[in-house]
Amino acid sequence: MNQGKVWRVVKPTVGVPVYLGAVAVTALILHGGLLAKTDWFGAYWNGGKKAAAAAAAVAPAPVAAPQAPAQ
């Protein structure tokens, strides 16, 4: 590890959470930007055409209108 001496300046109890937090924030910003700027990424996360086809296949059949009683 070529940057091993950094822990002489920054305590690991501070540096590791800050580093992991920065990675998490970067990932959230990246994914948020992809969702906001593209139309395919949200569909990819939702299953795309497969999910739409499955939802259409599971849709309930239409119900017939009630008939007026015969007099």
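Glycine is no exception: its Cβ is also placed from the backbone N, Cα and C atoms.
The bacteriochlorophyll binding site feature in Swiss-Prot is assigned to His31. For His31 (bacteriochlorophyll binding site), no same-chain residue that is 6 or more apart in sequence has a Cβ closer than 8 Å to its Cβ. Under the three-state DSSP scheme, His31 (bacteriochlorophyll binding site) falls in the helix class.
Here the topological domain 'Cytoplasmic' (1-15) has, by DSSP, the following mix of helix, strand and coil residues: 9 helix, 0 strand, 6 coil. Among the features that Swiss-Prot reports, topological domain 'Cytoplasmic' is placed at 1-15.
Look at the topological domain 'Periplasmic' (37-50): DSSP puts its residues at 10 helix, 0 strand, 4 coil. Marked as topological domain 'Periplasmic' by Swiss-Prot: 37-50.
Feature annotation from Swiss-Prot assigns transmembrane segment to 16-36 (among others); the stated evidence is sequence analysis. Using a Cβ-Cβ cut-off under 8 Å and counting only residues 6 or more beyond its ends in the same chain, the transmembrane segment (16-36) has close neighbours at 42, 45.
As annotated by Swiss-Prot, transmembrane segment applies to 51-71 (among others).
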